[in-house]
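The next block holds one structure in the form of structure tokens; read it before the comments.
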Amino acid sequence: MKYGVTVLGAGSWGTALSMVLADNQQEVTLWTRSQDQAVFINQYHMNPKYIKDIPLPHNLIATTDLEMALTKNQYIVLVTPSHSLYDLAPIINQWISNETKIVHAIKGIDPESLLCVSDILLTYMPKLLPENLAILSGPSHAEEVALRKPTTVVISSKSITVAETFQDMFMNQNFRVYTNTDTIGVELGGALKNIIALGAGISDGLGYGDNAKAALITRGLAEITRLGVHLGADPSTFAGLAGVGDLIVTCTSIHSRNYRAGKLIGEGNTVEEAIAKMEMVVEGVRTTKAAYELSKKHHVTMPITTQLYEILFNNKNAKEAVENLMARVKKDEVEANLSIEK
Ligand SMILES: NC(=O)c1ccc[n+]([C@@H]2O[C@H](COP(=O)([O-])OP(=O)(O)OC[C@H]3O[C@@H](n4cnc5c(N)ncnc54)[C@H](O)[C@@H]3O)[C@@H](O)[C@H]2O)c1
Ligand SMILES: O=P(O)(O)OC[C@H](O)CO
């Protein structure tokens, strides 16, 4: 079926998702804040800052007119960084209706309110009905999606009809979409893996090897699952694409912004220097603070997150943080997976 779709956010991921939709012959409007970027995309069919050297489909049209972009289409894909939402959500709310269906592809948790993206959207967009909201997540770097390399993701919604509608809209031979109704698990898996990716990057930056990285991924998954289940997620979601799938890709891919920022920190850059060098959003930094606060609030043990918090926010030496993780009290593995407060 053909859909009119508006994509909000013309960074790496918004552009790559727009390309999938345009490949599927959907009528795509891509909204950006930048007039220069919109003109360039429409004239040259390229978005060089975010998607290098890959031409955009000619049926992909960019605009800076947010009102027009929102009122013309019932289907919205929201792909701006999580830090933009408190400003943007109330503005979007002005121009949507109760019929509007939004899928967001944002991976973060707000460190002040401790709200996930869906909760922020539902709070600041009262016209958006909870059943009209969906989440797109899973192992998917924009750089590979733009090259039409095989990618699988999950679209999660409380409404299976809404999830299936977005599945139908996005799915093609290169981009396989599964549905899932565990919105909490899908949202937390996507946000929390960024913390572990920062850790994997730091580990590589310090010169540690594959053993250390495999341990971070495995024990990272244990603490992501522990917090997620405590907050109401289905544990099986963390064994899926939005859990271990995304964790693997983000901890091991040269495309990962979080991994690369971590590597720069491990190599001796300050956190500020590392973020500045990335020039793209590194969601894991804010999410580390949010997850650290959530772990304290809910008495859920998250040792890797805690050490990352100390490195990022209290200037702790990264090598010392690894030593502290290695020297933790002796444990049984299965018991350690389950333990809430130890
Ligand atoms: N890049 C990926 O491969 C990828 C994959 C999956 C999920 N994500 C998630 O998608 C989200 C966006 O990431 P990205 O990689 O596209 O980021 P990016 O840094 O490539 O682009 C961000 C875009 O948002 C715009 N923006 C920033 N602040 C804004 C504001 N206040 N209002 C409106 N627009 C604003 C920027 O101008 C830019 O166009 C993040 O939550 C990220 O975790 C990214
Ligand atoms: O580049 P990263 O680290 O922000 O990760 C992007 C995606 O979340 C990978 O699925």
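Note that the numbers count up from 1, one per residue, in the order the chain is shown.
Placed from the backbone N, Cα and C atoms, the Cβ positions cover glycine too.
Those TrEMBL annotations? Automatic predictions, nothing curated.
Annotated sn-glycerol 3-phosphate binding in TrEMBL involves G138, S140, K193, D246, S256, R257, N258 plus, out of the candidates K107, K213, K289, the residue K107. Of the listed candidates (A142, A222, A318, A321), TrEMBL assigns A142 to the same NADPH site as S12, W13, R33, Y50, K107, R257, V281, E283. By neighbour count, meaning other C-beta atoms within 10 Å, the densest spot among the binding-site residues S12, S140, S256, N258 is N258. The Cβ of D246 (sn-glycerol 3-phosphate binding site) lies under 8 Å from the Cβ of S137, G138, P139, S140, G189, G190, K193, each of which sits 6+ residues away along the same chain. For the binding-site residues R33, K107, N258, E283, a Cα to Cα distance of within 10 angstroms from G9 (NAD(+) binding site) holds for R33. Within 10 Å of the Cα of A10 (NAD(+) binding site), not one of the binding-site residues from the list S256, N258, E283 places its own Cα. Looking only at the binding-site residues K107, S256, N258, E283, the one with its C-alpha closest to G14 (NAD(+) binding site) is K107. Cα of S12 (NAD(+) binding site) to Cα of S256 (sn-glycerol 3-phosphate binding site): a distance of 12 Å. The sn-glycerol 3-phosphate-binding residues named in the record, K107, G138, S140, K193, D246, S256, R257, N258, extend over a maximum Cα to Cα distance of 15 Å.
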